[in-house]
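Noted in TrEMBL for the protein shown:
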BINDING   B:C639, B:C645, B:C679, B:C683  [4Fe-4S] cluster binding site
BINDING   B:C683  siroheme binding site
COMPBIAS  B:807-816  compositional bias 'Basic and acidic residues'
COMPBIAS  B:824-834  compositional bias 'Basic and acidic residues'
DOMAIN    B:422-467  domain 'BFD-like [2Fe-2S]-binding'
DOMAIN    B:558-620  domain 'Nitrite/Sulfite reductase ferredoxin-like'
REGION    B:807-834  region 'Disordered'
Amino acid sequence: MSNKTQWQSVCSVDDLIAESGIAVWTADGPVAIFYLPNRIPCLFAIGHTDPFSGSNVLARGITGDLKGQPVVASPLYKQHFNLETGVCLEDDAVQVPTYPVLLDGNNVVLEVPVKSQVKEIA
Amino acid sequence: MSKKNLIVVGNGMVGHHFLEQFVESEAAAAFNVVVFGEEPLLAYDRVHLSEYFTGSTHADLAMGTAQWYADKNIDLHLDEQVSEIDRDNQQVITPKGSYPYDELVLATGSFPFVPPIEGNNGPDCLVYRTLDDLDQIRASAEGGKVGVVVGGGLLGLEAANALKSLGLEAHVVEFAPRLMPVQLDADGGGLLRRKIEELGVQVHTEKATTAIVEGDECRLRMNFSDDTHLETDLIVFSAGIRPQDALARSSGLDIGERGGIVINNQCTTSDPHIHAIGECALWDGRIFGLVAPGYTMARTLSGALNGDSEAAFTGADMSTKLKLLGVDVGSIGDAHGQTPGARNIQFNDGANGVYRRMVISEDGKKLLGAILVGDNGPYDTLLQYALNGIELPANPEALILPESEGGAPALGPDALPDTASICSCHNVTKGDICGVIDAGCCDLGSVKGETKASTGCGGCAALLKNVVDCELEKRGVEVSKDICEHFPYSRQELFHLVKVNGIRTFHQLIHDHGKGHGCDICKPAVGSILATVWNEHILATDHVALQDTNDTFMANMQKNGTYSIVPRVPGGEITPDKLIVLGEVAKEYDLYTKITGGQRIDLFGATLSQLPEIWEKLIAAGFETGHAYGKSLRTVKSCVGSTWCRYGVQDSVGMAILLEDRYKGLRSPHKLKMAVSGCTRECAEAQSKDIGVIATDKGWNLYVCGNGGMRPRHADLFATDLSDEELIRAIDRVLMFYVRTADRLQRTSVWLENLEGGLDYLKKVVLEDNLGIGEELDAHMQTVIDTYQCEWKTAVEDPEKRKRFREFVNDERKDPVQQWTQERGQRRPVIETA
C-alpha cells in the first residue's frame, strides 16, 4: 500500500446532524463524521468501525467532551474515543483511524489513503 | 552469562497463572521460558466450561492469546506431551525432542476418576474435563434423549446442567445419600435436590452402579446394586478427580499414597529443581481441587523462584459460593461442624426454599463454618467472620435470619480488619485498599486500576465499593452525587431546575447550570427529564443528539449493529390478523423472531435503513411503537382473567390494556414493567413488577416497586381492594413521584429502598397527600397522557427524520460486516471473535 492520499467528497452540509454523527463510505471504508457546531473546528472524522465489537456503529454514538477532549461514546459497549486522535480513553492501546475533514462550499471532503490496488476513480 | 531455562509442563489455568506472575517478576530476565501443553488449545477457563454449550467458544474461554505468549517471549509447544523427565541430565523428553531445564514446573492438573464398573469404556461413556470431552458429549447427545451424570458433586451438577442445555432428559446418580456430600449436610443436600428436581433434573441417591449393559429403550442400561436400573443414551462420569502424577511417578519423585506429587511450603518436590502446583500437587497430605488454591501455589512458587524467603503456601480456604443450575449454594470452612464442641444454628424456610446453617465455636464467639442453599445473600458477611476470626455478635442467629424476622444487616466494611481479603482473584486485602487510598487514589476507578481488585471474576464489586466509600468518607472525602463532570447536580436536582426554570433544551440547561459540552451520561438523562416534563418528540431537532442510539433510532441495537423491533401488544392480547402481519413482515425481511418475557414479539436483524420501511407496514396494520428501546413503560403483562378463567375474579386483560394505553410513552429514570393478575393465583407474576395489580373479589390490590432480573425484589403491598378509579389515581401518583425524585437509571425497587421513610412515607404522599402535591402529580400525568404520540408514526411521516435512517449517507451499499448464518430455521449473525 502506498502513502498516497486523496481528497474525497462524501456528502453535503445538509446531511450533517448537529452534535451528532453520520456514516459515509470512502475509499478507506466506513467513516463517521461528527458535526459539533459549538466547537472550533466543528467537523471530525474517525473510523466508523467500533474496534471492541467489530461493528460499524460509531457514528451512532453520543458525542460530548470529557476533561476537555471531544469524544464519542460507542453505542455498544460505551467506550469513549477522542475525536481528534482516535485514541480510546478507557484503553489507550486501542485507536481508531482519524481523517482530515474540510468544508468545500457545501461539500464535506475527507482526506483518505489511496489503496494501491484500487484504481483512482474520482 | 547465558540465560537459564525454565520449563513449565501443563498449560491449564494454574500453569497460565504461574506464567502471568513469573514473566512480570524480576527473575524472568534470567530465564528462557518454555511451555508444553498436551491439548492443542491454549489454556482456557475450565470453571466456566459448561458455557461452551451455550454459545461460548474456546476464544471466549481462553485465558490468554498466542500474541501474549509471543510478546512475553514464551516458547509455547501445544499438542506436545512430555513423555519423560531425565533428572540426571536435567532435561525433558517429548516425541519431538529433548529440552534442557534448570528449573522445572509441573502443572499437569488432574484427570477425571472413572469408577471401575463393567462396561464403563463404551463409546457413550464419557468424562467432563476438556473442550474435547465436551465435543464428544455433544456428538453423543445427537440423536439421544436421556443423559446420566455419575456423581452428584459440584462438577457433576455442572455436567448435568450441560446435558440439560443439550436438550437431554438429565439424571444425576450419586453413591452418597445426598448431593454435594462434601460441602452440604442432609438438610441442605435435601433442599438442593428438591430445587434441582423442580428444574427437571432427576436425582438418584444411594445408587451404586454394578454394570453398564446394552439398553432396551435407550443405548445403555445401568444396573444398580439394589436391583433397580436406569436406561440412558450416554453417561458422563464426574465422580471426582485424581492428580495427574504419571510423569512425576515415572521419574521417581515422591508421590503420596493415594497419588499426588508431594510438595513443601515452597511448592518444591523431592527434587530441588522440580516444582509442582495446582491439582497435581499434594501438600500436607491434601489435594486442592479448586482453582483459587492453585493460583495461590502459582504465586508462591513465582515468589520462591525470585528468592522471596517468605513465600510459602500454608493451605487454602476451600469455601465455595456458586450457582448450580440457577440455585445458590455456599459452603464455608468447617461446614459439617467437626471441630470439637462446635454448635449449630439452623434456619430452614422450606416454603421459600432457603436453608442456612452456621457452625460456631463452643464459646459462641467465632464462626467456624456455614452452609447456604437457595440464597447466598449472607455468604460474603459470613465468610468475612470465618476467615478473619471476627467476634460474633451476642445474637449470632441474626446473621442468617431474614431481615423481616430480626435479621442483621450485612457486616459493615468498618468492622473488617485490615487483613480481610476483599478480592481473592487478585489477593487484595482491605489493608491494600487503604494503602492506595492513602497514597492518593480518591475514587473507585483509580483504586481498581491500582490494586486490580474486582477485575477478576467481579464477585467482590459490591463489597469493594462499600469499603472504598467507607474509607473515603472516613478521610473526609465527600462521595460525589453529581451526575457527571458537566453538572454539579443529581438527577433530582436537574429535574427541579428544568421544571422550575421552564428549561426546554439541553443547550440552555448546560449553558445556565453546567459546563462543557455534555457526555453520554448527562445527555440521555437530561433528554429523559425534558421528555417527562414537556413530552416533545424525541427526534425533535433539539433533542435528537441527546439520545442513546436505541432512542435515536427507536429500536434496540444488537451486537452486530443491526436492530430489533418490538411493536406494542397491549396486555399481551393480539388478533390473528395482527399476528399474521408480524409473521409476514418478519418473513419479508428475514427477521429472527422470538417471543419476549413480556408477552410481545421481538423481531431481530433489521438494518438501519429497513427500520422506517418496516414500521410503515406495521403502522398500516395498526401497530404502535412498543418503547422497548426507551427508559419508559415496556409492557403490562396479564393472565387471561375472569373472561375465560374459571378462577378469575376480575377482567385482568381489560385492566392491563387500560394501564398500558394510559402509561405508554411516559419517560422515566429507568424502564418500567407492570402486570395484572385476575386472581390471587398470580399467574401474571405481578409481584415481580414495578407496578403489580392483583384482583380480589372486592376490587384490586396494588403492589409497588418489585423487580425481577439481576436483583429480584418482591413488590410491597401498597393498598387493598381499590376501585378502578382509586387504583389508577394511586398508580398515577406513585409513578409521577418516582419520575420526579429518582436518580438516573434507578429502578423503582432501589428508589424505594433509598427513599427516606420508605413505604410508609410513600403511602402518606400518595394515599393521604401529606405533601399537598397530589393534584399537581395528577395534572402532570394527565399532560403526559394527552400529549402522547406514536414516535414511529411521527417519524415515518417526516422525510427529514427519515433521513437519519441511512447506513451510509453517500452510498446505498449494505453494511459489509453484517454476516449471517442459519440456525434452527432462522437467520442469526455470524459471531466473529476478535
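A Cβ is built for glycine as well, from the same backbone N, Cα and C atoms used for every other residue.
On the structure: features taken from TrEMBL.
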residue : record                        : Cβ within 10 Å
B:C639  : [4Fe-4S] cluster binding site : 27
B:C645  : [4Fe-4S] cluster binding site : 15
B:C679  : [4Fe-4S] cluster binding site : 20
B:C683  : [4Fe-4S] cluster binding site : 18
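Beyond its flanks by at least six residues, the region 'Disordered' (B:807-834) meets 55, 57, 59-60, 558-562, 590-593, 604-605, 607-609 of its own chain at Cβ-Cβ distances under 8 Å. Shown in sequence order, B:V640, B:G641, B:Y647, B:G648, B:S652, B:S677, B:G678, B:R681, B:E682, B:A684 are the same-chain residues outside B:C639, B:C645, B:C679, B:C683 whose Cβ sits within 8 Å of the Cβ centre of the [4Fe-4S] cluster site. Across the range of the compositional bias 'Basic and acidic residues' (B:807-816), the DSSP-based residue counts are 0 helix, 2 strand, 8 coil. Note on the domain 'BFD-like [2Fe-2S]-binding' (B:422-467): mean pLDDT across this stretch is 78. In the domain 'BFD-like [2Fe-2S]-binding' (B:422-467), the DSSP tally of helix, strand and coil residues is 24 helix, 4 strand, 18 coil. Residue counts for the domain 'Nitrite/Sulfite reductase ferredoxin-like' (B:558-620) under DSSP (helix as H, G, I; strand as E, B; rest coil) come to 27 helix, 14 strand, 22 coil.
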